[in-house]
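Going by TrEMBL, these are the annotated features:
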TRANSMEM  26-46  transmembrane segment
TRANSMEM  511-536  transmembrane segment
TRANSMEM  548-567  transmembrane segment
TRANSMEM  588-606  transmembrane segment
TRANSMEM  645-668  transmembrane segment
TRANSMEM  680-700  transmembrane segment
TRANSMEM  712-732  transmembrane segment
Amino acid sequence: MDVLILILQLLLLGYRVISSFNNYTFHWLVALICETWFTLSWIFAITTQWNPAVIQTYPERLLQRVEEVPKIDLFVTTADAVLEPPMMTVNTVLSLLAMEYPSEKLACYVSDDGCSPLTLYALQEASKFAKHWLPFCKNFNVQVRAPFKYFENEAYDDHHSTQEFKQQWLRMKDMYDNLSRRIEEACRTSIPSSRLEAEFADFSNTKRDNHPAIIKIIWENKKEKHSEGLPHLIYISREKRPKHPHHYKAGAMNALTKVSGLMTNAPFILNVDCDMFVNNPKIALHAMSVLLDPEKGQKEVAFVQCPQQFYGKLKNDPLGNQMVVLFKYMASGIAGLQGPLYGGTNCFHRRKVIYGLSPYEAERGNMPEKKLKKEFGGSKELVNSAAHVLEGRGTDSPNNNDINISKSLEAANQVTNCGYEYGTAWGVQIGWKYGSITEDVLTGLSIHKMGWKSEFCTPEPMAFTGVAPIGLPAAMSQQKRWATGMLEIFFNKNYCPLLCTIFGKLHFRQFLAYMWILNWGFQPIFEVSYVCLLTFCIITNTNFLPQGPAILIPITLVVIHMLYTLSEYLATKLSIQEWWNNQRMSRIYIMNARFFGFIAMILKLLRISNTVFDITRKDQNASSDGENSSDDDNGGTFTFDESSVFVPGTTILLMQLAAMVIKFIGLLESRSGNNNNNNGYGIICDMLCSAYLILCYLPFLKGIFRRGKYGIPSSTIFRSATLAFLFVSLCYTKK
């Protein structure tokens, strides 16, 4: 059916081209340009889906094949203790520490880019709880190891549980409740000044964007090999100064990479966001099954990406941000090419790949210290650890299992100074790449450019579960950031996908896959132009769609496309309501958030302003199943704020309403004999298109008449009404 849709799009383009020779108009040319891009977008999408691939992993075979599993450094990133509550970070960290993996092989590093003593306090309290939580999980084979989720969904069975389990369950529940109460109380009242002068003295007189490096070893596993102790737990807040670029999350990830390289230097890295907890405790073993595969994994696979699944979703996914269908069809399709894109979280990396090693270099041999110093910076300790990785000297730390991470504190503070990376290759050739606020896609693209492949890991149960935005402003902010970041990648002279294909080792169909996701930044300008063109044609009573029998082409195209997308949702066991919500929100996101992302990129290219990384608000206390969220009001979904991101949508809605009113008045005049300029079925189809847009923007229409957080602010309505009036007036001057 996807090929049939492509044929219909090509037929429509052919009709546009042929008819333009006889009846050339400006709006006909605009329609041709927009529809050409829509056709290209469809080609990007369908070629990505044609080779789906699913990897089956068998961790038990891995344990039979290798004598000893490798070490893994765990990276957790948080940036704002208000938007990303410390309790959420705690649950993520606890689930990582409790994975089914040797404790002495794990080290968890938490990056706090907000430099909040509350985050450090929460982690210190969590480490005390972890000493009891880890044995409980492993002794009783607990599957969900994020405590909040476990105690929310699980209860002991009075008829089948042992007395020991019942006692331990109640004990752990009571300990977790006390932990939550202490952390939440600290967040409400802040940490007492007496403690700020003592153990939290480093946070005195610090500001979010102006503070020295703060590194705290919360727990160091000093027990013997194969012991059941707690993994290393380290808190990091890199130095920030107002006049130094920080490169957002990419900079934080590189700080984690440098510090971990000094302390544990594990050959593999798992990075997760602070809201993504481990849902499958054996996921590290599943990932190692791929990365340690002697036939393909060790030679070709740079990283293993696990999909995102979300808890706390609202009923029927009213915001259309669960991305279930996207992961099933698009992600599995890309997995059959050069491999899935790096999604920024839930990803296992090879450290040597992060350090810039290509698949055609098993190792780099004895590299000159001068060259390594130029690339990795002036820290002798970091240069030695990097040489250990790049020269292939074993798979563990430089000091084997005799690690004393406390000895690395001075060097760790040095490499997290804000000026350390000047003149080095960090962010350019090694580490997470700078140049886009979607550093994940850019870094993954740079890895694929070198010739590496990646794999998609989808064990049962799902590996990780996280939080999706549950409010419209937060979802809009996230979509805007994605669109801007995608455009930054396209205009990057080193990592434009086309250049990576011509001059690098990016496969052609992988290039099309990257163009599919980068199209998130380009699509808005064409959709907004198409909508404005529709409004213009309705008001001026001109032809927007083909006339005569040719009108069947777009009608058939729309009907088949809707049936095609609906079949995908039904095949994924989603409801028709969920399908419609996703269709509606696609239009809203593209013509609002992503349109603003496009504008932000234009302003950056014109050097008028720079892009800003907006942190998405997280809410761990969302309803797990959303069953009580049956409508917009109860779900609290369609809320609005003063952000300009709502202006385009409100303007488009008012334009469509004005066009419909003007057209109805024109039809009444036509019936009375005052005017008889009727374009037949074309008028009906144009008005149906306008009605479809009004239906998509129904939440905005309700918001115009509401007040409070459910209402669109008066300032937004005024600006939108002014823009709509100017557009309608312009249409009348052309009539």
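Quick reminder: no glycine exception, Cβ is built from N, Cα and C everywhere.
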Candidate ranges 26-46, 548-567, 588-606, 645-668, 712-732 - greatest C-beta contact count to the transmembrane segment (680-700) (under 8 angstroms): 645-668
Other parts of the chain folded back onto the transmembrane segment (511-536), taken as Cβ under 8 Å at six or more residues beyond its ends: 27, 30-31, 33-34, 37-38, 41, 43-45, 47-48, 330, 333-334, 337-338, 341, 441, 445, 482-487, 489-490, 497-498, 500-501, 542, 544, 587, 590-591, 594-595, 597-598, 601, 648, 652, 655-656, 658-659, 686, 689-690, 693, 727-728, 731, 734
Chain residues in Cβ proximity to the transmembrane segment (645-668) (below 8 Å; excluding those fewer than six residues from its ends, i.e. six or more beyond): 473, 476-477, 480, 528, 531-532, 534-535, 538-539, 541, 588, 591-593, 595-596, 675, 683, 687, 690-691, 693-694, 697, 700-701, 704, 712, 716-717, 719-721, 723-724, 727-728
Positions on the same chain near the transmembrane segment (26-46), where near means CB under 8 A and six or more residues out: 2-3, 5-6, 9-10, 12-13, 16-17, 19-20, 330, 512-513, 515-516, 519, 522-523, 526-527, 529-530, 533, 536-537, 542-544
